[in-house]
Amino acid sequence: MAARRLLWTPFLMAVFLAGILAALPDRNVSPVAGAIFVHELKREHFQGAFPSIHKNYSEIPSDTPITFHAQLLGYPDLPRWLRYTQRGPYRTGYLYGSPTMKDVGRQLIEVTAYNRHTYETVRQRVIFTIVPAPDTQMPYQAEFFVRNRDVEEVLPADAQKQFQQALDIMLEQKDWSIINITSALDRGGRVPLPIEGRKEGVYIKVGSRRPFSDCLLETKSSDNQFRCSLDQQPVIACYDSFSPQFRVDWCNITLADLSSLSVTERVPVWGDGVLEDGSEYNPPTDSPEKAFLSDYLLTILLPLLVALLLCLLLAYIMYCRREGVHKRDLKTSDVQMVHHNTIHSNTEELRHMASSRDVPRPLSTLPMFNVRTGERISPLQGRQDSAHVPLILAQQ
């Protein structure tokens, strides 16, 4: 038995390591700075790499639920320009985003696919080689909010091409290109109710080297802004070629003119957040002086002043507004005073006479008494008492 265990141990370890360390060849992609990039994570591509699929187990379905996890190699999350989305374990996953000039270079993304039935994993490294755009001068940018689409419905190339064609037809110029695509949930939007036809919404930003057309400028006119304040769609002169495939919210359109900005202002410079070797962080020591007298008066003295005024008002009502006995007697007529004094004196006299007379208490107030003899008997006296006198004469 010990020999068999020694023979089975390497085999089990090999199977275990095969399930854990299954990997696909590296994938090289080349995003362009300043343009939208979409990398599709196909389930079929990862499904064929699971070890259980190669063994052709009959209990494993062909349509395996797979979820993905992507991260920058050596870090717990993705770069700030890259996002990941997957609607469900039976849907395709997407890595998408718009890199900037600061992100130009090589970034290594590790994608892990999880088999939700067998808990197997398959890893693949995606090498992002971000290259600068041949011409990044797109000073005129417009962002549209599409209400009837989710972000994964716009990421495929066919959907982007359809939106691009509708934009070219409407604006009558073909130099507009998609810069970025953002889900409405990333902008603070709320998840819609589980009702058919409800979508999260998606923001699509486009850029051009030519100025805005009159059609786009009409959406920002004062009349259309007033209609938007009344929850009405603005009136535009050009034909809305987006409808019905894309329901654009014309009240939620953003126009940005960056032509007046310099190159340094147009491309923000972000720090890496890491101090140089041998350097120390010196926080600012000079803090602006601030007077807290007004805050003190507002939080301490004002409530005390209000409480003092209330106490003075209550004291005035209790001690200054009540009528005294002398003042009350002056307002009372003499006849009423004589009548009151007479009743009072007679009551006192009767009370004095009742307290001074020596009259025995009525028998009815005693606890027990004999009707015939008038003898008082305690109610606690037992029935075996030989000196018991019957209450009724017939009981003798």
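Just so you know, glycine gets a Cβ as well, placed from its N, Cα and C.
Annotated features, as they stand in TrEMBL:
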type: DOMAIN; residues: 28-137; note: domain 'Dystroglycan-type cadherin-like'
type: SIGNAL; residues: 1-22; note: signal peptide
type: TRANSMEM; residues: 296-319; note: transmembrane segment
Task: Segment confidence, the domain 'Dystroglycan-type cadherin-like' (28-137), expressed as mean pLDDT - done: 87
TODO: Helix, strand, coil: count each for the residues of the domain 'Dystroglycan-type cadherin-like' (28-137), based on DSSP.
DONE: 12 helix, 46 strand, 52 coil
